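Trainee: So that we are looking at the same thing, I have put the structure below in structure tokens.
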Amino acid sequence: MKFVLLFGVLLVTLFSYSSAEMLDDFDQADEEELLSLIEKEEARAKECTPRFYDCSHDRHSCCRSELFKDVCTCFYPEGGDNEVCTCQQPKHLKYMEKAADKAKKFGGKIKKWFG
């Protein structure tokens, strides 16, 4: 019985040691992958397409406004056969940004009155 108990403890110890080493290997790989993704995102962030500019080359490259990212909207101009794509802000998001800005200003006034 003592032999079985000793063997079980040894087996659990070896298993936990090997699992810890495997996790360390995965952590190192994850860190390297995360760093490369961050570098790519930083490079991509510098290359965003401003509002009302052509985004047909990359429809996910529109810049962010204060709160929301602009959307690449495509349409056919009147009397034209070519599709035109530009980065635009949807109206509902524009109104939400205006409301958030007014709420910030109102919050500042309340702080000034009571603060």
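Glycine is treated like the rest: Cβ placed from N, Cα and C.
Dumping what Swiss-Prot says about this protein:
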- C48-C63: disulfide bond (DISULFID)
- C55-C72: disulfide bond (DISULFID)
- C62-C87: disulfide bond (DISULFID)
- C74-C85: disulfide bond (DISULFID)
- 1-20: signal peptide (SIGNAL)
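Structural setting of the listed features?
Mentor: The 10 Å shell around the Cβ of C63 (disulfide bond) contains 15 further Cβ atoms across the protein chains shown.
If you take the C-beta of C55 (disulfide bond) and look for same-chain residues 6 or more apart in sequence within under 8 angstroms, you find T49, S61, C62, C72, C85, T86, C87.
Classification of C74 (disulfide bond) by DSSP places it within a strand.
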Trainee: Name the residues of the same chain, 6+ apart in sequence, whose Cβ is under 8 Å from the Cβ of C74 (disulfide bond)?
Mentor: S56, R59, E83, V84, C85
